[in-house]
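Engineer: To start, I am sharing the structure in question, which I have written as structure tokens.
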Amino acid sequence: MSIRTKVLGMVDVMMRVPPILVIDEILKIDMGWPSSGGGGGGGGSGASSLGATVTDAVTVEDAAGVVESIVSPASGGVGGAGVLSQSFGGLVDEFAKDTHISDLLGLTLVKFLICLLGLICALCIVMLWTRHLVMVYMFVISLGLTFLSHWSNVSALAIMENSPCILEDVLSMNTTRLLDTGSVVVAIAPHVVAQWFMGMLFAYIHLGPRYTILQKAMPVIFASPIILATLPLKPRMLKYLPLVADAVPLMLTKITLLISAMDAGKTVYNGYQYAMNFVSNFGLSALIENEWQRLNVPSVLRVFWTIRITQGFVSMMLRDEVNTTNILPTLQTLLVDGCGTLTAVLGMTSVISVISHYIGKAFQWYLLTFDNEEEKSLGTVSAVLFYILALQTGLTSLAPDKRFVRLCRNLSLLITALLHFIHNIVSPILMSLSAARNPSRKRHFRALTVCAFLVLAPICLLVALWRRHSPSTWLLAVTAFSVEVVVKVLVSLATYTLFLLDACRQTFWEKLDDYLYYVRAFGNSIEFCFGILLFFNGAWILVFESGGAIRAIMMCIHAYFNIWCEARAGWSVFMKRRSAVHKISTLPEATPAQLHAFDDVCAICYQEMHSAKITRCRHFFHGVCLRKWLYVQDRCPLCHEIMMYTDRTDVTDPNAIQQQEQAAPVPIRNREDNALDNRSRSTDENNSSSSTSASLLSSSSGSSATAAVGSVSSSLGSSNYTMASTTAHPSQTAANSTSASTTSTTAAVATAAASNTTHSFRFSPDLDVQD
């Protein structure tokens, strides 16, 4: 991206910030409604103080005084509660004090309608394309130059009102008084220069008719009241000079407004048509994503929030409220002011999103990994989580002291969520490192240090919180999330250790799948219990502490996705495992003589067979490999015949076995089988070791491992943590037939409820195999 493109993008972002500031100031005064006294509005005092300085009626005689009373506080009120809030509040009060409108509708309703109109206009301006946005700013600046010129002329005339006539001093060559530093000439000279430059700028940017003579005379028109005031005119005539000078630019602005009204209507209609066509062709989500990128919303919100915080900090410095002894109270005040309205919370959310994104980038750099999807979504998920927490807890409606406490609690929950996200980044790396035959020790060390950090950080956080705070519902939620992070890390480390041990073995480790199942079932059971605990904790908050529609909706989402769906998926896995173990138990075990006579590898995992199961079609497979195949179907991976014995006598009767051997057709290796063999061999060659391939077939975290015929894989999704919700790691199901038959039903159901793995199997595209 070139420098010119970056500069233009920055200018586009800066042009969209002022409408956001206007929206924020409107929300500060609660849309003109009387403030409830909690902590929602922040600009009411400034509005009332400015409104008291403005006259009750606007007439031609005192128009200059009205404009001066509105503009003057804005120029000198930087140290107040907010420049925009004071000026906007004063204008709203002035328009609302019109007696005729107030008699019809009422003062509060008029203020609300004005605020609503301003809010709609600001939103429309934010959504404009850059070309139209530039035209709006040109119109606003030209109008602002007119009012600024009027204020400057009024100020200059006030200086010249009780002073000697400048023309007489010039004609009499009274250089002493003319060149005196305190003379009138020196006082009005800046006003003359300012009027000249404002006239030139107005002639350059105004959108009205551009007549050559009028363009050249515009600086003279702007400075004409001061020039004419040097003549010996009556004081009554001097009051009308600024209005006469404002007539020409105001007339041009009015003509511009009339001409542009039709174009503005067409622009709005074309925008509506564009949105409808886009939605009909690509969908609403695509339209939102496209507009989000076009408007560069995150950058606009970040710049807006930075300007808002900077304005508050400068105001505090001008009031001498900032020094080295009160840095923390100053920071607290700025943070409280930075989340006082919905737009301010959006700005803070955008800043938190950037911080979270770079935290993910830092861990990604440390782990020497790139293009991690979890890191890419880290900033977005953190932003959504923080904003939902702010809405759920009513952050903007709280008093300043309570708002800061609530903000700290929300940030504590966000920190625990970040720890979960970091674990989701490091967990697949651990699994890939454990599967490598010649791994880099540096990468192992870095991954293990991140795991150590994920264990120590939650513990330190809990120790600090429990020492400073008494037990409460939010502290219980933070504790549950923190303990859950520790459990997940320990489960990942245990899985990593098992894979390393399997990589060091020279023979096939049939018990690996059982150990992995037990470890992950333990972790998933704990996570499932924490999910139930958090649901009841949220129900207590909803009923006895702070209710709300958003909290109720989030609880329903948590109950459905993190409790019901997890329990249903765990039960489904348990039933599949139980059914597979039962089917395997019906198959005969191969004797050493049969294995010696077979003298081949398992057709699923390509590992040597020290023990095997014999199917009805007389094919030999590892019991563990065949159990995973049975999760999908009951047909043989090689010949597609039914593998199970229909009658128990088929297994024990030697004559039946001999008849089956004679009657069993020799499997014809057709095109599908050849394709499967080719795929399995290429997959086996790409694996770093045959032992690792079997381990990954048995279980993998965050990835899928393909092996041999059928390309059996178990997909294990990583956890995504959102609002007060947890999801467990997928766990591979494995156990031998003896242990499965003696397991109690209660323990099995508890373990199955914690497991949320759905086993997916991938087949060759040439095969027509259905689940």
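Positions of Cβ are set from backbone N, Cα and C atoms, glycine also.
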Engineer: Tell me which of 37-58, 719-740 corresponds to the region 'Disordered' entry in TrEMBL.
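Structural biologist: Comparing 37-58, 719-740 with TrEMBL, region 'Disordered' matches 719-740.
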Engineer: Treating G and I as helix alongside H, and B as strand alongside E, what does DSSP give for the domain 'RING-type' (602-640) in helix, strand and coil?
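Structural biologist: For the domain 'RING-type' (602-640), the helix, strand and coil counts are 8 helix, 6 strand, 25 coil.
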Engineer: I'd like to know if the transmembrane segment (181-207) touches the transmembrane segment (472-501) in this structure, counting it as a touch only when three or more C-beta pairs sit under 8 Å and are separated by 6 or more positions.
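Structural biologist: Since fewer than 3 Cβ pairs under 8 Å link them, the transmembrane segment (472-501) and the transmembrane segment (181-207) do not come into contact.
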Engineer: Six or more residues out from either end of the transmembrane segment (181-207), which same-chain residues have a Cβ under 8 Å from its Cβ atoms?
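Structural biologist: Sequence-remote neighbours of the transmembrane segment (181-207) are 135, 138-139, 141-142, 145-146, 148-149, 152-153, 155-156, 159-160, 163-164, 166, 214-216, 218-223, 226-227, 249, 252-253, 256, 259-260.
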Engineer: Would you kindly check 240-259, 380-399, 411-433 and say which stretch has the most C-beta pairs under 8 angstroms to the transmembrane segment (445-466)?
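Structural biologist: Most contacts with the transmembrane segment (445-466): 411-433.
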Engineer: To what whole number does the mean pLDDT across the domain 'RING-type' (602-640) round?
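Structural biologist: 83, rounded to a whole number.
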